[in-house]
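Below: one structure, written as structure tokens.
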Amino acid sequence: MVFSHRNVEKKWQQYWEQNKTFKTSEDEGKKKFYALDMFPYPSGAGLHVGHPEGYTATDILSRMKRMQGYNVLHPMGWDAFGLPAEQYALDTGNDPAEFTEHNINTFRRQIKSLGFSYDWDREINTTDPHYYKWTQWIFTKLYEHGLAYIDEVAVNWCPALGTVLANEEVIDGKSERGGHPVERRPMKQWVLKITAYAERLLADLDELDWPESIKEMQRNWIGRSEGAEVTFGIEGHDESFTVFTTRPDTLYGATYAVLAPEHKLVEQITVPAQKEAVEAYLDQAKRKSDLERTDLAKEKTGVFTGAYAINPVNGERLPIWIADYVLISYGTGSIMAVPAHDERDYEFAKTFDLPIKQVIAGGDISKEAYAGDGEHINSGMLDGLNKEQAISKMIEWLEAEGKGNRKVTYRLRDWLFSRQRYWGEPIPILHLEDGTMKVVPESELPIMLPKTKEIKPSGTGESPLANIAEWVNTIDPETGMKARRETNTMPQWAGSCWYFLRFIDPHNDKALADPDKLKEWLPIDIYIGGAEHAVLHLLYSRFWHKFLYDIGVVPTKEPFQKLFNQGMILGENNEKMSKSKGNVVNPDDIIDSHGADTLRMYEMFMGPLDASIAWSTKGLDGARRFLDRVYRLFVGDNGELNEKIVETSNVAGMERVYHQTVKKVTEDYEGLRFNTGISQLMVFVNEAYKAEVLPKKFMEDFVKMLSPIAPHLGEELWEKLGHSESVAYAAWPTYDEAKLVEDEVEIVLQINGKNKEKLLIASDSTKEQMEEMAKNNEMINELIEGKTIVKVIAVPGKLVNIVVR
């Protein structure tokens, strides 16, 4: 007999919705648990089977914590701004808002069909003006605190499309759409000063319960380096340039300098004879992405400016070159080259026949650069010193001479925040007719995104909003001056930087969230999502959160106390699921054929939650068979409760497996080891099928432990057991440590180390009692008759070995 998943799931989903079963409780005196999923971008493709893996994990924890008496916050929403909707709108002429709403409705239906215990009254959508009012408000605060500024930044400009492209839209120097040439062009952009928080973003990682691999990725992205800034004068010019180096001790080995093609001094210092060559090189460089420019495998290119820098430590003339492997966005946009001890500088020097001067003993620099340690040579005052001594001495000298200073730098760049797009949050800035700019007053927020059919690029590099004159041109309500609205919009990251705060108080129109509620719910106890957000989303969120902490909006320094990355569900052929490969599994199909509980159970039983595992239809069938077996254990052929389930004090047959199951399942759910927790539920079911009598309390508690994984079946069985209330708030079972110990244990009796007999004895038997039992055993007595006992070895709980001759 099998249960009808379609009927059961529909019945309980309606019950939960009508009764608002999962409305967040905020009872005083209860502990809190905030379980958060990385909310999805509602794409046109709908949910795939990878989404429910993480969602089921947080749902199991949320359901268990409710039963353990916690106030649980378990919300869901939509990260709904972004490029795909705008692209769709451009291609079809449809409104991205309508497209997005349609996709959200699909996602919501699919997620509800999986029985997740979300509080749908807290649903948020980043494209809702009630939500993005507060995204804009945070921007105004960043601006007021000097953390949002306008800068000239090199962007990917596509003349044919008349728009700026994101890095991921450029492939091999051409636009992904249409294959048009793309070039690098400096444009005024909004930038957020995340670098002001670099040190704290780095240091506070140590306090977080996150996978070490993710913390390491963030550390590398922030990229802290200690070294010195050194100033180089330019022969025949008043100007100078600064380089940052982690190895100021190698300054004596510098033989040339390199500027990025975009460096502001290039035009000034290039000599007339080199002008044509330099201009041709600059034109070539602007067609390449940063990634292409810094590729170590590519051949080094460059051009000489004809100008010379002066080495501050020895007065030597260093030719100044331009090369595209130096980026203006990284460091100071200029480097001192020490080819004897740096592989990239060495290759460049060999290509252009530049001098190579060894200043650290070791290696063979006629063959390759020597990057190892050694004594300093050819280095004047540093000769004979090791690396640490020489770095320290050189920095002291530079500071004393006014030629440089000790410096800590970060690989982390300030965050390029503006997008030349329509489908994003408008940036709340007014450009006044007197040339000044200011934030829009809070009373005027939100600045609504205007509805328009015209979302094609402006052609000027501004966003399509620049085309809407009646929206752009306005009056500043405070000064009465004419003003132009900022036409750039925010990136998709903006809305996801703080959404977890809005879930705490989603309908507040007076503040981002009530401070008392933020105090009650933060930090997030568990955050589960894919590792693809390891760096940017998590780093940006931490940055905004720290800023909000500094201005007194949030009570914690960090948003996410514990983070867990679920693995990827691959296609049956072990390849990543994708439409093009035709191996995508649609959850709607599985819910129809096998049921939502089966899908949840299977995804949790596939293997460790953080492993990437191939989808298996056999495994799915196995999960369904187990749930049918559970149903038959509780429900007879007549549809009534199994007669073996009774109120009884005779629990001997099931007692130990019951306490073992409660202990293991509780600990495994807490530790996100759902696959081994399910294995223990299977052990319980196997024992239950063998038992003559099934104590009702044990069976009820089994249903409680099953229900976080298979909630629809859990509710159905709970009702069959005679309950009129949902199982969702039934008290989570507890175990007795004393009942986990086996009363009896099987031991082996050996003669001269060979197994001869097995014996059941009391588990607390002493060595002496074990020896006595062995000697009195009939079979053993027969086998040792007439022999001399040399010694008897007893190992409690395991064996007795009688040595005879």
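Every residue gets a Cβ built from N, Cα and C, even glycine.
Annotation comment: Swiss-Prot describes 40-51 as motif ''HIGH' region'. Within the model, the motif ''HIGH' region' (40-51) shows a mean pLDDT value of 89, rounded to a whole number.
Per Swiss-Prot, motif ''KMSKS' region' is recorded for 576-580. Residue counts for the motif ''KMSKS' region' (576-580) under DSSP (helix as H, G, I; strand as E, B; rest coil) come to 2 helix, 1 strand, 2 coil.
The ATP binding site annotation in Swiss-Prot covers Lys579 and rests on sequence analysis.
Around Lys579 (ATP binding site), a 10 Å sphere centred on its CB holds 9 further CB atoms from the protein chains shown. Here the motif ''KMSKS' region' (576-580) has Cβ contacts under 8 Å with residues 45, 48-50, 568-570, 615 of the same chain, all six or more residues outside its ends.
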